[in-house]
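Enquirer: This structure is in structure tokens; I'll ask about it shortly.
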Amino acid sequence: MAPTADVLPPVEASTRPGLLVQPSDTKLRKASSFRTEQVVIDGYNLKIQGLVASARYGHVPVLDPSAETRKRIDDSVQSLIAKLDRGESIYGINTGFGGSADSRTANTRALQLALLQMQQCGVLPVPSTFPTGEPSSAPFALPLTDTESSLIMPEAWVRGAIVVRLSSLMRGHSGVRWEVLDKMQKLFLQNNVTPVVPVRSSISASGDLSPLSYVAGALAGQRGIYCFVTDGRGQRVKVTADEACRMHKITPVQYEPKEALGLLNGTAFSASVAGLATYEAENLASLTQLTTAMAVEALKGTDASFAPFIHEIARPHPGQIKSAKFIRALLSGSRLAEHLENEKHVLFSEDNGTLRQDRYTLRTASQWVGPGLEDIENAKRSVDIEINSTTDNPMIDPYDGDGRIHHGGNFQAMAMTNAVEKIRLALCAMGKMTFQQMTELVNPAMNRGLPANLASTPDLSLNFHAKGIDIALASVTSELMFLGNPVSTHVQSAEMANQAINSLALISGRQTLQAIECLSMIQAWSLYLLCQALDIRALQYKVAEQLPTLILASLHSHFGEWMDETKQQEIAAQVLKSMSKRLDETSSKDLRDRLVETYQDASSVLVRYFSELPSGGGADPLRNIVKWRATGVADTEKIYRQVTIEFLDNPYACHASHLLGKTKRAYEFVRKTLGVPMHGKENLNEFKGEFEQWNTTGGYVSVIYASIRDGELYNMLSELERDL
């Protein structure tokens, strides 16, 4: 894609959500990495990618200046004027609105202002200059929620809505002059002026009337409407709309007949939020499949669950096929995962009782997320249509010789409700699966030899690392499951029962963005845990690489006079097999206790060998077994502690890279790019006087979360997908 042609100036790092770009060099780098072709708004070709770039990443879209576009806009305006000159009665232009459409007026301009007045009813923070009386209660109280973020829409939603509304109006079906559209683009998009819009008040029936009334009021320079602007220090501040217009030398709009109605009557806010949600959901779906592949590696699973026969031949649902292909590709080259092509037939007599297949959270991952991928794709198609549609009423056909006026209900935003509720259900399914994968990962009864709570240190009795995350995951997953409930089943009759059915699309879209926040947190915790688990696997592998030499040397030292070298190698293989199994089974205990049990079990191999000798070997071999156990425990513990120190002294060294498949890029992104280290150094040192100097676990998880929410991680994921 071509570089962005126009980029907005940086704006304030505010506590409010949804601002465009933070001022730090890091944040500017992240924003500039989101590239899109120049967005040209013509009413027919707006893409979700362009909407997101314009809403969140400072891209400045331009209006299509072509003669054809200008002509259809001008023709619709002239058709409307001609009908009014003939004295025709036209809804919303010389009649009342909605259930009051039986009223009539000849003052068409005043009617447009009455519409704005009627709809500007949302609850916002009270500015200090507002003319109010003295408070009757205590003058100060701490708020229960953040007043700004709980009452004011994020700027990204508003910018997106302005882009969508311009796309609709540029189609020439609404009777709104080019001059109005041009000023909208210049004031709001080019000069980065964002109206302050209430979060609540829309039922998305006759479109998002109330939110759009604040946009229209700002364009008209209403003193009671506020806007976010960038001051001389680069900070985002609120000023009145008339002041915002003065700052940028833009004359406020005086609305002609139907123009205020044309700005208000549409699904722009619902479509904006749906578009932003769709983009995030697509990326989170890819991330969920990536963390699933990493979980397969961390749990020593198999790519056989994603074999083409299962998905492409036996049950060819498109989402399932897509997911299995992606996960299988991510596991390519992994030394931790088992591979279908290397699968061995195991005889019943050789089967030692291990799981013959992965558990459901891995084995059925593609069947679980596949339908959600299809739903997200369907939602994307709906949003693509919506942001290139006319959602006004009445509508003017500029190609009809008489400029026929159509009365309909394109503002009923149920298509957006349906889209975001499908997305939300898909997000819930992904979150539930990821949560269960993580509970399996931290549980020593299920994780195939990883230590309890993913503690990387030898003494688990002083390291409960992942336990808090396990609890936090349950909390946020529960919240996500609640958000999965539909909004559309809670419709209330409104506006004198005229709007007896209403889509609630914006409300549902808001819930979907909350669900996106929850799943983003779940994935941030998951990436943190998975990288820790992969480092521990690498630690275990490095220890395991040294054990054959250690065991063979110890057998030679203690039992060389009773067994030749060939027998020593044979016994060593049996001892190592026994040790591997027992170490997996005791991963909830401190290292020394594990090793004592492990060598106790392994000594049965030696007892059996000596008991089968013709002479029994005498008493010396039995005494040597006791010595062998004690020496083995001490020597193995020494190796384990040395390797642990080596790993924790270099917590950013990406110890597991050589073991991973294509997931290596994500693992190294967390360790190197984000600077999130392997955990455990403070536990290894038993918290010796340095506790106050360490970053919290949550602090590091927050770094991963931030990279998801600002899109930096998605850039990495996009590059990874391109390289598969």
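For all residues, glycine too, the Cβ spot is worked out from N, Cα and C.
Model, not experiment: these values are computed from the prediction.
Pulled these features from Swiss-Prot for this protein:
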type	residues	note
ACT_SITE	Y91	active site, proton donor/acceptor
BINDING	N265, Q357, R363, N393, K467, E495, N498	(E)-cinnamate binding site
MOD_RES	S206	2,3-didehydroalanine (Ser)
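Describe the structural surroundings of these features, if you would.
Expert: The secondary structure of Y91 (active site, proton donor/acceptor), as reduced to three states from DSSP, is coil rather than helix or strand.
Take the CB of E495 ((E)-cinnamate binding site) and look out to 10 A: across all protein chains shown you find 16 other CB atoms. DSSP assigns E495 ((E)-cinnamate binding site) to coil in the three-state reduction, placing it in neither a helix nor a strand.
Within the same chain, residues at least six positions away from S206 (2,3-didehydroalanine (Ser)) with a Cβ under 8 Å of its Cβ are G98, N265, N393, F411, E495, Q499.
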Enquirer: Taking 10 A as the limit, how many CB atoms besides its own sit near the CB of Q357 ((E)-cinnamate binding site)?
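Expert: So the number of other Cβ atoms within 10 Å of Q357 ((E)-cinnamate binding site) is 11.
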Enquirer: For Y91 (active site, proton donor/acceptor), list the number of other Cβ atoms lying within 10 Å of its Cβ atom.
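Expert: Its Cβ shell of radius 10 Å holds 16 other Cβ atoms.
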Enquirer: If you skip the near sequence neighbours and keep only those at least six away, which residues in the chain come within under 8 angstroms of N498 ((E)-cinnamate binding site), Cβ to Cβ?
Expert: G98, G99
Enquirer: Could you state the CA-to-CA distance between R363 ((E)-cinnamate binding site) and Y91 (active site, proton donor/acceptor) to the nearest Å?
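Expert: Counting only the Cα atoms, the answer is 59 Å.
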Enquirer: Taking 10 A as the limit, how many CB atoms besides its own sit near the CB of K467 ((E)-cinnamate binding site)?
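Expert: Result for K467 ((E)-cinnamate binding site): 14 other Cβ atoms within 10 Å.
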Enquirer: May I ask for the distance between Y91 (active site, proton donor/acceptor) and K467 ((E)-cinnamate binding site), taken between their Cα atoms and rounded to an integer number of Å?
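Expert: Cα-Cα, rounded: 62 Å.
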Enquirer: Just checking a number: largest C-alpha distance across N265, Q357, R363, N393, K467, E495, N498 for the (E)-cinnamate site, rounded to a whole Å.
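Expert: With N265, Q357, R363, N393, K467, E495, N498 as the binding residues for (E)-cinnamate, the largest Cα distance is 58 Å.
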